[in-house]
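Chemist: Questions regarding the structure given below will be posed in turn.
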Amino acid sequence: PARCPALLQMSGSQPQVGRGVPCLRCRGLCTGFEPHSWRKICKSCKCSQEEHSLSSELDDDRKIGRLLSDSKYATLTARLKGGDGGRIYKRNRMIVTNPNISGKDPTFDTITYEWAPPGLTQKLAMQYMELVPKELQPVAGTDGAFHRRRRLARQLPLHDQDPAQCRGLAEGEQQLMQDFVKKYKAEALGVGEVALPGQGGGGKEEEKPQDKSIDPGRAPESPNGALESAAGHYRCESCQQPVPGDCPVVYADRAGYSRQWHPACFVCCRCAEPLVDLIYFWKSGAAWCGRHYCESLRPRCAGCDEIIFSEDFQQVEGLAWHNKHFACLECETLLTGKPFALANASLLCTTCSQSRV
């Protein structure tokens, strides 16, 4: 069923904005979004902000614009006219018009894709879309578009790039976070590009020798001999299956243009989620989503969902908390040095834990 999440402005300085938005998970049981002062959840149903779809498309485009600005992908952003000097994501939407000739007078069916890989002919962009599972194709008004927005919220949380959105930073930690963001923009952040096999990077000069020399370790044994030698040496980095020469693939410039992925195989190495809008972070020879890349470098607070920049924090069973957020989910009692229960990554004091049973 088509969903139309409410379009609401969300701003760190006004946690009360977005109040009353229904929860997409609770389906009527939640009375509407009730912001918590520091947790990224609804006080009413305890579901995450993502489940309430609080951001508008403009908010999302501003967030991605901010992420890509001051990086080598700034060409995918534009300065907002009359805005605050911030940059906005030049998201490539694609409108496809198909004539419908079944009736007496031909009509036209128009399909809008809320995102499509930039810089491609419509034919190649459509080929790319057809290689993505149907339920993930971001067609406006469908579950695919909704899932794209949700992955944007999950994989690229605003509080992983903007200190102003963080409640957990202590005095003097803003600079640590700014340095962290600057470093990942310079060293890891990337945006995948779509091209036919062998044409990644626009056939950049320095990459050409690599394309010509087939790595003998990767060339498949071909039963057809010479017939397959031209196209057969392209294999998907993830599933290792051969890539047909006429099917678009995804390239990640930080991985080098000798590697390519099937569109459906370009996923985060940690959560296996498709990388939203092909935005990836490259580390240890693999592509990560923003959330899991940041967590691979520093702990994330299980209470407020923010990256922890303090060296002094609580740790239990592989989870981490800011000291001030090591509190019961129900009654908010601080639990440092007190008995507690841990259920599904939620901390509870012994009283609240017993009343849940």
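First residue shown is number 1, and so on along the chain.
Cβ coordinates are placed from backbone N, Cα and C, and glycine is handled just like the others.
Pulled these features from TrEMBL for this protein:
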- 94-201: domain 'PET' (DOMAIN)
- 195-225: region 'Disordered' (REGION)
- 203-215: compositional bias 'Basic and acidic residues' (COMPBIAS)
- 234-299: domain 'LIM zinc-binding' (DOMAIN)
Chemist: Averaged over the whole of the domain 'PET' (94-201), what is the pLDDT?
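Modeler: Summing pLDDT over the domain 'PET' (94-201) and dividing by its length gives 92.
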Chemist: Using DSSP, tally how many residues of the domain 'LIM zinc-binding' (234-299) sit in helix, strand and coil.
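Modeler: Helix, strand, coil within the domain 'LIM zinc-binding' (234-299): 17 helix, 18 strand, 31 coil.
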